Amino acid sequence: MNLQEKTAWITHVARRVIDGDTLSFEEATALLQLPDAVTPFLLGWADVVRKCFHGNRVDLCAIVNARAGRCSEDCRFCTQAACYHTRAPVYPLLPAEGIIRRARAVRSQGIKRFSLVTSGRDPGGDFEKILGITRQLKREVPELKLCASLGIISPTEARALKEAGLDRYHHNLETAASFFPEVCTTHRYEDRVATIRAAQKVGLEVCAGGIIGLGEKPEQRVELALALRELGVTSVPVNILHPVPGTPLATQPPLPALEILRTLAVFRLLLPATTIRYAGGREHNLRDTQVLGLAGGVDALITGDYLTTAGQGTARDRQLIRDLGLEG
């Protein structure tokens, strides 16, 4: 196809999505492999789809790294794995008072969603304390929607979290099933799927996405998006690898900015009614082009700092949103 034919095809595909059709694996892969020259056109149509399904509001959330380091798993991208030598912080579960203080600060900035994140394969011996903190957060900062990211959980633990007042559970698939063994060997992709389904079964919303730029093929990003579509998750955070010394992926070449933006646009077309959330690595990898994601399908973002890397700050995020005529 020539340039004119490519833009006509993008228009046709996007209009189908707006009309309620779903894209196939082959169509999504072809979109992801479009040349840079037509990427702005693809982003424009992804933005139209976002407006049709989500309006102009950008959903903001903030996290607290409530327990850091000493993770038993070997995820090759992760600074918190005990088997790698990084300079990431290591500390036990934070006291409830500190977490409540952080939650109040988040709410004072007008952010309505707050997530408690702990390192490790699972909640372990801190689970009862986490339930208590969740109940306290619900009592003392009732305006916040509460999310938790505690690793692999059982159906019983999912139900206990729901009863304690949790609104949403976060658990990434990380990458496509076909690439997962290259990323982690200490647990299975199926363990992650089981956790997502356990959370959904008790009525928790689920936030689940992954990391791009791990060395996966473009079609494996499509595979990930289709798996998330099949699971019916509410929110899809898209992280972009920020290589850290000491991890096996420390020297992984970065994805080009336009390829990242195409990926976000394709996720929007594959998941039109789902929240697509900017997550870790956007500042490092996209730099000044990150604004194009918000004009190319993204309708949410994690604001403030991430687990072990710094964000650009809520004030700048809000300025980006305002500059685009969006609300957040």
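Note that Cβ sites are derived from N, Cα and C of the backbone, with glycine treated the same way.
What you are looking at is a predicted structure, and each value in this text was computed from that prediction instead of being measured.
Cross-referencing S72, S108, S115, S178 against the [2Fe-2S] cluster binding annotation in Swiss-Prot, which names C147, C207, R277, picks out S115. On a Cα basis, R277 ([2Fe-2S] cluster binding site) lies 25 Å away from C71 ([4Fe-4S] cluster binding site).
What surrounds the [2Fe-2S] cluster site, by Cβ distance within 8 Å of the Cβ centroid and not counting S115, C147, C207, R277, is the set C61, I63, R113, S149, R168, H170, S235, P237, I302 from the same chain.
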